[in-house]
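S.K.: Per Swiss-Prot, region 'Head' is recorded for 1-91. The feature domain 'IF rod' is assigned by Swiss-Prot to 91-402, with sequence analysis given as support. As annotated by Swiss-Prot, region 'Coil 1A' applies to 92-126. The feature region 'Linker 1' is assigned by Swiss-Prot to 127-137. Residues annotated as region 'Coil 1B' in Swiss-Prot: 138-238. According to Swiss-Prot, the region 'Linker 12' annotation covers 239-254. Taken from Swiss-Prot, the feature region 'Coil 2' applies to 255-398. Swiss-Prot lists ALA340 with the feature site 'Stutter'. Annotated region 'Tail' per Swiss-Prot: 399-482, in sequence order.
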Amino acid sequence: MDTKGSTVTISSSTPPQNCSGNTNFRTNSSSNKSCCHDGQSTGCALQTPQGQGCGSSPCLYRCPHYLIRTYSFHPCLDDGSRCTEGINTHEKETMQILNERLANYLEKVRMLEGENADLEDKIQEACSKALPILCPDYLSYYTTIEELQQKILCTKAENSRLVSQIDNTKLAADDLRANYEAELSLRQLVEADANGLKQILDALTLSKADLEARVQSLTEELLCLKTNHEEEVNSLQCQLGDRINIEVTAAPSVDLNQILQEMRCRYESIMETNRKDVEEWFNTQMEELNQQVVSSSQQQQCCQKDIIELRRTISALEIELQAQHRMRESQECILTETEARYTALLAQIQSLIHNLEAQVADIRSALQRQSQEYEVLLDIKSRLECEIATYRSLLESLDGRLPCNPCATKWEPSCQARAMECFTPVYTSSSLPGIHKPCRASGPPSRILVKICTITKEIKDGKVISSYEHVQPCYITRATKV
């Protein structure tokens, strides 16, 4: 008789190891589940009541959960040979199923080991490829940079030497220009003085010509007066002639030549005195003018010297200002080049950091994924080991419980049972009430169908990506006891 789609509770008479008490599990079974999915081993999902569980000292391994979907018992013949043969057949089937699952598990373990080896090779290859990017060789660039820096320093020294030579040449040219301007100004002053003296000489020449003209006019007037006087005397003498003979006692006659000579001498002395006065006045005026010219020339020379000094100072300051401007421009160029270089270097370092962060994030995600897969596989491995240990213990317990002379017992299965979970292999036995009859030579064996439902869920970032369910049937044949 088979009972399907029911909730079954199995009560165990054998206490579990390292547990404080029985643990009840409640689950629903359905008869339309498939028996297997490509031989994959997964865990199972059960609900545990509150307040019950294992003790403070848990076992090393956690056994899988078992769900008895359907059970039935088949009456055997009365002879013990048929019962033993049926038990051995079911044990062989169970061991064959376990061997198949173990082979699938080992094959999957080998496949995962190969995948892990491939992943390790890929990681090592990626690390070896990433090494040149992380640690580039800059030695050749350093030598080139040092050579270029030496050339730049030599060029800067040559430029500074040329700039100093240019500055010295400019200063010498400024000095020569200042001297030329001073000499030119002196020449202009001398030319102005010469022009003034020429004007004075022209004025004196004109005054001399005027005086000579006056002397000549006076001489001519004197001659005219003399001739007129002689003519008058002659005319008077002619008129008087012999008629009048007058004897006059008078002073001796005056010598006109002497008088003229005296007048000439007097006028010459007057002219000489006038000339001397004019020469003295001219000399005094010339001396005053010369003194003024000398003083003005001295002042002009002092002013020119001051102007030259100021011009030299201005030129020196302009040269220094230009040098400071050039230095500032060179420093600004160096600053811009340094900023550009360090900006590019910073951008490269930031890109390298971003790449490394991306690689680290990828490696972390890969490690997390592999750790999750490893945990899942380790859980599967532990579950499989627990299943194998459980099957072995069940087989050993069944072999130890088989009686030599089994008794025939008529019993009816109950729909209430109790399941137990612990960290050690689970021992289950059916203590089902029934109507006992007198013991016979052999009891009817019971065949129980146990279905192991295992569910594997792949979780990433707290979300279920995929879920797999595996159902493994297992038959357990028992003989009833008296």
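Every residue gets a Cβ built from N, Cα and C, even glycine.
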S.K.: Counting each residue once, how many in the region 'Coil 1A' (92-126) are helix, strand and coil under DSSP?
M.R.: 35 helix, 0 strand, 0 coil
S.K.: Report, as a single number, how many Cβ atoms besides its own are within 10 Å of the Cβ of ALA340 (site 'Stutter').
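M.R.: Other Cβ atoms within 10 Å of ALA340 (site 'Stutter'): 10.
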S.K.: Calculate the per-residue pLDDT averaged over the region 'Head' (1-91) and state the result as an integer.
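M.R.: That region's mean pLDDT is 40.
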S.K.: DSSP says what for the region 'Coil 2' (255-398): how many helix, strand, coil residues?
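M.R.: Split into helix, strand and coil, the region 'Coil 2' (255-398) gives 143 helix, 0 strand, 1 coil.
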S.K.: Count up the helix, strand and coil residues in the region 'Coil 1B' (138-238) according to DSSP, in that order.
M.R.: 100 helix, 0 strand, 1 coil
